Amino acid sequence: MAKFIKSAQYFDQYPVDKQFEICVIGRSNVGKSSLINALANEKIARTSNTPGRTQLVNFFDFNSFRLVDLPGYGFARVSKDKQLDLATIIDQYLGYRQNLCAVFQICDINVLTNDDVEMSRYFENQNYAHFVVLNKVDKVNKSHFDNNKQKIAKFLNISVDRLLCVSAQKNTNVATLFALMKKVVIETRQKQLLLKKEEKKSSEEEIK
């Protein structure tokens, strides 16, 4: 059963352990909280019609991994000083959190912006996996994604196989998204175990 753990503003307030983390990030009001609740199949994240309500790093326990909800980029309806604070919160998590194994960037399939593009490009050269989740697919024509996925992928500078359409409202593809998150965590764990074995073997050979 998924549950809320804590909110944190500063890096030293984050959970201290080696649990793998999946991060969700997106513009304000793209439905991140609703999607988290859909993944949990219960209300564990606060939802609001007011953009920009998430202004801390929120941690949720999903048993095999921890889900981390970052403040929305785009910073709707906040002062310039608060914008700087939120940017710092986002940067310190994405730049320094060693538990992070993948980022799922949540976008509104109806409104893709330059902010979405800039954030997608930021993830290009990072050491963790990056996927784009197009939320609110229930509000577009059924064939919209299939007809435009190449254009959407090009606009966001990401490969088509890293795009996934969902609807938190209608629960469309939510199970598929959850399965993908668990798969990424398993693959990351396997890679780390393999790396440790190789390091141990190399160390033993040096001793000989």
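Cβ coordinates are placed from backbone N, Cα and C, and glycine is handled just like the others.
Copied over from Swiss-Prot:
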- 26-33, 52-56, 69-72, 135-138, 166-168: GTP binding site (BINDING)
- Ser33, Thr54: Mg(2+) binding site (BINDING)
- 18-187: domain 'EngB-type G' (DOMAIN)
**Request:** Return the single residue from the binding-site residues list (Lys32, Lys136) that has the minimum number of other CB atoms within 10 Å.
**Result:** Lys136
**Fill in**
Neighbouring CB atoms within 10 angstroms of the CB of Pro71 (GTP binding site), all protein chains considered, total 25
**Fill in**
One finds that other Cβ atoms within 10 Å of the Cβ of Leu56 (GTP binding site) number exactly 16
**Prompt:** Looking only at Asn29, Ser33, which of these binding-site residues has the biggest number of Cβ atoms within 10 Å around its Cβ?
**Reply:** Ser33
**Prompt:** Near Val166 (GTP binding site), which residues of its chain come within a Cβ-Cβ distance under 8 Å, counting only those 6 or more away in sequence?
**Reply:** Leu35, Val133, Leu134, Asn135, Val137, Thr172, Asn173, Val174, Thr176, Leu177
**Item:** In three-state DSSP terms, the structure that Gly26 (GTP binding site) belongs to
**Value:** strand
**Cβ neighbours of Gly26 (GTP binding site) where a neighbour is any other Cβ within 10 Å** = 26
**Complete:** By a three-class reduction of DSSP, Lys32 (GTP binding site) is assigned helix
**Item:** For Pro71 (GTP binding site), the three-state class that DSSP assigns
**Value:** coil
